[in-house]
Amino acid sequence: MASSGEEPRSGSPGRAGTGSELSPTGDATQLDTAEDFEVLDEEEEEDLSELPPLEDVGRPPAPPRGDAQPAEQDKGEAAEKPQEWIDVLGSGLLKKKTLVPGQGVNSRPHKGQDVTIRLKAMLEDGTVVEENPALTFTLGDCDVLQALDLCVQLLEMGETALIVSDAKYCYGAQGRSPDIPPNTGLTLEVELLAAQDAADLELLSGKEKIELANRKRERGNFFYQQADYVLAINSYDIALKIISSSSKVDFSPDEEAELLDVKVKCLNNLAASQLKLDHYEAALKSCNLVLENQPGNIKALFRKGKVLAQQGEYREAIPILKAALKLEPSNKTIHAELSKLVKKHMDQKTVETEMYRKMLGNPSAAGTPGKCKDKLPWSIPWKWLFGATAIALGGVALSVVIAARN
């Protein structure tokens, strides 16, 4: 099978999952899994700005100049006072606590910026499963775990914080083999090291644009594998925007070809995600965009046939799947899907035949369609039948008008 789309596999908290191509045989699991999982929607973030300090109302007079030790001692005690936990989403599933204060609220990063953090991820028993001294990602693009994406934007520059997250905002029901079991929450120690505006897409070289688009695509693969199809669609959309962005740099023919290959992969996986969410019109559009560039793309043909079948358009779906099967005759998945559609189409034609029979005024023959097949004009098209009915009704109406005038 052509290497034009791939199903994802999981990655690490700090790195996007690495996608692997579908195998040439393209079995049912790879082309269309049937499991249903909860899709995580983005939740609205709270305004968690620090409260202003209390006014110095009724403050006792300062101690004498020579006795400064108690004031210094009070300052030290205040610094050692433990910080309170912040419930980030109000559900108790994602909490943050400052360990080392930062440079103030105004130093917090913004969505769309590239941030660099020091990360240490631990299980509940303290086992370290990830350490990264300088992890860089685009804030708000879902490049990393949701727990990080939601909490890092609340960090001040230089702040070190502890984040305790439910599995829902980490690796969910899938986990990460072999070190993070399914449905396991994580404790993350994070320090915000730097934040800067993302690079101008127009100035990226061909190689840089390819690498950036692939990172977003692979992150979409990770979410697809986790069955978070909404987030997968988000990542694929970002990758496609990067690929289609205008450029002030000339690309080589090889770079242009590689960008097209990444685009086709993103569109194929975008269609797969949309199909999972029953977004049929969007999935059909994605498949057609692939076929505009690669008319013989088997994955796009297969998914287009699936979409049309879901919409009940069996007459259109069957030749598309036949075209895919002609390109890869040994594909069992396409064989099975085509056989299923042919049967559904025959059942649909049987229902239509019964409707024709009743319209022609011979309902008693409904139980014996085979014997009546040669006696009734089954080939009469619907438009002829409706046309004859309209003519008859028009004649009746004209007779009534003439009679009224007379």
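Quick reminder: no glycine exception, Cβ is built from N, Cα and C everywhere.
In TrEMBL, annotation is done automatically, which means it is predicted and not curated.
Annotation comment: TrEMBL describes 1-15 as compositional bias 'Low complexity'.
As annotated by TrEMBL, compositional bias 'Polar residues' applies to 20-32.
Annotated compositional bias 'Acidic residues' per TrEMBL: 33-49, in sequence order.
Residues or ranges marked as compositional bias 'Basic and acidic residues' by TrEMBL: 72-82.
Residues or ranges marked as domain 'PPIase FKBP-type' in TrEMBL: 112-196. Helix, strand and coil counts under DSSP for the domain 'PPIase FKBP-type' (112-196) come to 12 helix, 40 strand, 33 coil.
Positions annotated as region 'Disordered' by TrEMBL: 1-82.
According to TrEMBL, the feature repeat 'TPR' maps to 298-331.
What TrEMBL lists as transmembrane segment is 382-404.
Confidence in the domain 'PPIase FKBP-type' (112-196), given as mean pLDDT, stands at 95. The helix, strand and coil residue counts that DSSP assigns across the repeat 'TPR' (298-331) are 27 helix, 0 strand, 7 coil.
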